[in-house]
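Input: a single structure, listed below in structure tokens.
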Amino acid sequence: MSRLPVVALLAAAGRGTRLGGPIPKAFVTLRGRSLVERSLRAMLTSEVVDEVIILVSPDMEDYARELLTRRGLLNDPEGVRVRLVHGGGERADSVWAGLQAIDHDDAIVLIHDSARALTPPGMIARVARMVADGAPAVIPVVPVADTIKRVDGSTVVDTPNRADLRAVQTPQGFLLSRLRAANEKFFATPDPGFIPTDDASLMEWYGVEVTCVQGDPMAFKVTTPIDMMLAQRITDEAEPTIFEVPGD
């Protein structure tokens, strides 16, 4: 049986400006490269991805196209097809637009936040391979360090056992047919009763078992100025040894 193609959806359509810059955080630069570019390079370096669809807002399409063209990343780098697709107002809308843009009926789809710009390529491959081995939905996770409280307003309700908790990262991997079906049902349901905070929660709602694999501390999300300071410190000390693409 032939290998399923692997298509990555790279979410970069958000309007988040919590990093304090004038442009969406996906296009903020870290050591000379935008977060979206770093995430794209990690996908290419993983050696498991056949196509990358970058989800951008319509008003950022020209900016993204010029940036990635100048970097040589829109001309099938390393034999991987890379293209831009308009995202929606919410993350779920963007993912649905990306799923509709995939040409295949059967594939493995990886959904990744561009703000997780230091995600190791090996972790990307680990997620994709677990789906290829038969798991319909896979998420990378790391242990929770802090004690978590469930609250009602300002009152503590209970304290979940920290040993049972995990922080979830991306990329999350899925069988395309199952994820499409879950999205179709969600968007066709007038009141689904919840707002999915990630794609795995949508699959849980749809009744699909979600499998965990080991995540990586480097796959943290660059959201606030403090996150950016940490990312800058890491890349200042670690590059070019572990994050730069060989031969760059």
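Using the three backbone atoms N, Cα and C, a Cβ is placed for every residue, glycine included.
Feature annotations, reproduced from Swiss-Prot:
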SITE      ARG18  site 'Transition state stabilizer'
SITE      LYS25  site 'Transition state stabilizer'
SITE      ARG162  site 'Positions MEP for the nucleophilic attack'
SITE      LYS221  site 'Positions MEP for the nucleophilic attack'
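Locations of recorded Swiss-Prot features on the structure.
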residue: LYS25; record: site 'Transition state stabilizer'; DSSP (3 states): helix
residue: ARG162; record: site 'Positions MEP for the nucleophilic attack'; DSSP (3 states): helix
residue: LYS221; record: site 'Positions MEP for the nucleophilic attack'; DSSP (3 states): coil
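Per-site Cβ counts within 10 Å over the recorded sites LYS25, ARG162, LYS221 peak at LYS25.
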